[in-house]
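Read through the structure below, which is laid out as structure tokens, and then see the notes.
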Amino acid sequence: MRDRIGRAAHDYFAGGAGAEITLRDNHAAWNRIALAPRVLRGVGERDTAVTLLGERRRHPVLVAPMAYQRHAHDEGELAMARGAAATGTPMILSSQTTTAPADVARAMGETARWMQLYVFRDRALSFEIVEAAREGGYEALVITVDFPLGGRRDREIASGFTATHPTFLNHGENLSPDVRHTRHDPDLTWDDIAVFAEASALPVVLKGILHPADAELAVQAGAAGLVVSNHGGRQLDTVVSGADALAPVIDAVDGRADVLVDGGVRRGWDVAKAIALGANGVLVGRHALWGLARGGAEGVERVLSDLVDEFDSTLALLGCRTPDELSRDHILTAPWA
Ligand SMILES: Cc1cc2nc3c(=O)[nH]c(=O)nc-3n(C[C@H](O)[C@H](O)[C@H](O)COP(=O)(O)O)c2cc1C
Ligand SMILES: CCCCCCC(=O)C(=O)O
């Protein structure tokens, strides 16, 4: 992959914060959960559909927001959108998209798209994102709350990645790591969430919650959903994985909002574990991105359809016909953990 996209882009996409302990643990944490199947339950007819933010979706997988996708493939977010749409997978478009949100919306067709928002010191830029979301028919605003500033990413610093494909916001300027990591407003508080909820008139999802007390505050702030996430291990090294943070957050939310999770999701059984713990949906980041880098829209389609097929067969092998039938009854702490 390094040869295909260059070392700097590769290390930007693949890398995490610090010594990448959390990055590695994100996938390992799913593997620490063992599954306890039930048998003889008549699972010939199955349906992977779930309800997310009140809408019925074909399956619980979404594409996570990821910046600068043209550095992975020439067609960037457009190819990601086509691959996602081909598999009925909602896509969350990064506010650092290198393709205009309106063009991505067209490529998604009837498939749901949500828009991710970074709140910058320069609020006008953030309101441009909100406006683009409204104009492009995006169905939710995903406000990322774990980025008061950029995490210290040793691998990215060593490789010196600079985003040279312009985003729709920065009007052509190159984004060196210094610029990328200091544009955000570190003074953002819970009070600011309502301003963006009101301006967008869209359901708001808060991405980057790990602590159950913050999950409670998110519900109180009116969030329709939240994403349990450590930003793919890219912000603060040694923080808890999404897999380990999930159950306490679900218990705190107690059905008052949708709960999604990300970090290290690679296999259909990872998705099943998340749903069994009580999540409504699962975001995949780098797994989809490597599909994009390898094969454009077709590469994304392959990765996502394999993941959903594997989720479907995991349902059968656990004795379930639908995601609703998954429960904590199917979960054990792995003896190998
Ligand atoms: C290259 C890259 C860029 C990302 N850019 C964004 C972004 O613009 N906004 C955001 O909220 N999260 C961003 N994330 C975090 C992802 O949305 C997601 O939380 C994370 O990738 C999930 O972990 P996974 O890659 O192991 O699936 C990015 C992640 C990666 C790998
Ligand atoms: C001002 C640009 C910040 C881009 C951050 C993208 C991201 O979330 C990540 O690299 O992680």
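The backbone N, Cα and C atoms fix where each Cβ goes, and this holds for glycine too.
No curator has checked TrEMBL annotations; they are predicted automatically.
Going through Tyr12, Tyr68 against TrEMBL, the one listed in the glyoxylate site together with Tyr118, Arg153, His231, Arg234 turns out to be Tyr12. Cβ neighbour count for Ala67 (FMN binding site): 19 (other Cβ atoms within 10 Å of its Cβ, all protein chains included). If you take the C-beta of Tyr12 (glyoxylate binding site) and look for same-chain residues 6 or more apart in sequence within under 8 angstroms, you find Tyr68, His71, Glu156, Ser159, Phe161. Proximity of the binding-site residues (Gln116, Arg153, Lys207, Gly264, Arg266, Arg286) to ligand 2: a Cβ under 6 Å from the molecule is found for none of them. In terms of Cα spacing, the recorded positions Tyr118, Arg153, His231, Arg234 that come within 10 Å of Asp262 (FMN binding site) are His231.
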